[in-house]
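Here's what TrEMBL has on this protein:
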TRANSMEM  B:6-24  transmembrane segment
TRANSMEM  B:31-51  transmembrane segment
TRANSMEM  B:57-79  transmembrane segment
TRANSMEM  B:122-150  transmembrane segment
TRANSMEM  B:186-207  transmembrane segment
TRANSMEM  B:219-247  transmembrane segment
TRANSMEM  B:259-284  transmembrane segment
Amino acid sequence: MSLVVRGITKAWGGFRALDGVSFEMESTGLLGIIGPNGAGKSTLFSVVSGFIPADVGSVALDGTSLDRLGPAARARAGMIRTFQVPREFHHLTVRENLMAAAPGQSGEGLLGLFLRPGRVRAEEDAIRAEAEATIDFLRLAGVADTPAGRLSGGQKKLVELGRALMAKPRLILLDEPFAGVNPVLIEEIMARIRDLNGRGIGFLVIEHDLDALSRLVPRVVVMDRGRVLATGTPQAVLADAAVREAYLGGAPA
Amino acid sequence: MEAYLVAIAIIGAIYVLLTLGLTLQYGLTGLVNFGHVGFFAIGAYASAIVSMQGVPLVASFAFAALLAALAAWPIGLVALRLRDDYFAVVTLGFGETVRLAITSEKWLTNGVQGIPGIPRTFAGLGVGLPGALATLAAITLVCVAAALALRRITRSPFGRVIEAIRDNEEALKALGKDPARFKIQVLALGAALAGIAGAFYAHYITYLSPDQFIPLVTFYVWMAMIMGGVGRVSGAVVGALLLMLFLEGTRFLRDIAPDAISGVAMASLRLGAVGLALILFTLFRPQGLVGDYTRR
């Protein structure tokens, strides 16, 4: 069971944002993606999650091709992404943001809403309880009833993570999940990610914080200028001369 | 005087229905519908035409709602592919297209000559006050039902999703939900409300012609929504009633000083007054009278 990305190329005019990117991961595993700004990491996420169509290349999850599916269908196939710049539902409260993410709600259909109010209420109670637990874990209890648009950047990141968890995916694509989050909480979130991973949820993580990432994932893909530069353990790729050239400008680590 | 007040109340209630429909579409879902009058016209003509063929009014009203909702379907399919501003242009064009179709399809609508002698609601009670009061009671009942249904929607998972569409459609897709399905339902539902409003209008005024369905009607509804409070059910009701106050209040002005202002000048003055009110609202109370969705 795995996520297989093969030969993804995406160009805008003469600019090749992605140039034949391939990698593979266990869909229950942990994989990091690092690389300097403009390396194509977030674009890769958008292609894999179906928001941007690839010019060439294919994406398959657990043996099923996702190439013909749009973003919503790919998410329903079990792969939920977050965004580098948080895209919270800004007028909905934090609690509503999380509750909106729960899959398969019969109250989202007008017929169910008006004809089976009892069932909708029971579902809502269950979803609210689940959202409450997620809010507690992410330490968002103080702002649970605050419109998400009023939160700090770090808190919005947590809302995105919370929504992704509420969607019950098999694989979560996290785009810089620790940006703007306080260091103590980063440790806790990493612990939670490990815990969730232990229960079979896979994570593909873009992160600038190399130090944090190397403590979280056993393996990283290094990207530069739209290409995969190296793949391996964090220690091994950091020792790689080409990676140091691209990432650190050749300076000794 | 009673007859006059009842007449204002009925027209006011028609605007309440129209505003509730737009509140669902724009206030909650963020769909910029500038062609609301088109659905209103479809409902009015649909109910008028079939009722004059002997169809009972209850059925003709249902037909009006259904036809307006069906007309929203292709608009919905277009909406899925367009950004907000382009969708606004398409709907504006839709409203005008409906009016032009009514003007030119004489075999069906009698063109600019219009359709006179449309059967009244509660015709059994006569032309006077009792029939009008019964009509007012009926439309009030429909308004209350629509407001309650809308309130139920705003506090439901469906309401959560459409507000999420308004706030960030891409994020909703990333969570595995298709905005398309919801947008089409919202457009159809809002259009059905406008269709019912049109049916009430047809059977109350008893005469229809294309010049009753100009884009100004759409913008009156937008004004009502903005003055009341965007995205709030109570705002739709308050705003529509406030709109009537402006439209009819300026009429009183003329009764007080009949010689000072001509009819034509009065019509312009009325528009000016509503425009000024809108400007003052956006400047000093942008959230509307009862507050909008940003200040819950």
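Using N, Cα and C of the backbone, Cβ positions are placed for all residues, glycine too.
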Non-local residues, at least 6 beyond the ends, that sit with Cβ under 8 Å of the transmembrane segment (B:186-207): 10, 13-15, 17-18, 20-22, 24-25, 28-29, 31, 33, 36, 39-48, 51, 57, 60-61, 64-73, 75-76, 79, 114-121, 132, 135, 138-139, 142, 146, 162
Counting Cβ pairs closer than 8 Å to the transmembrane segment (B:122-150), the top stretch among B:6-24, B:31-51, B:219-247, B:259-284 is B:6-24
Please indicate, using numbers and ranges, the residues of the same chain that are 6 or more beyond the transmembrane segment (B:6-24) and have a C-beta under 8 Å from a C-beta there. 33, 36, 39-40, 129, 132-133, 135-136, 139-140, 142-143, 146-147, 150, 153, 186, 189-194, 196-197, 200-201, 204, 217, 220-222, 224-225, 228, 230-233, 235-237, 239-241, 243-244, 248
Remote residues contacting the transmembrane segment (B:219-247) - C-beta distance under 8 A, at least 6 residues beyond either end: 8, 11-12, 15-16, 18-20, 22-23, 26-28, 34, 36-37, 143, 147, 150-151, 154, 163, 270, 273-274, 277-278, 281-282, 287-293
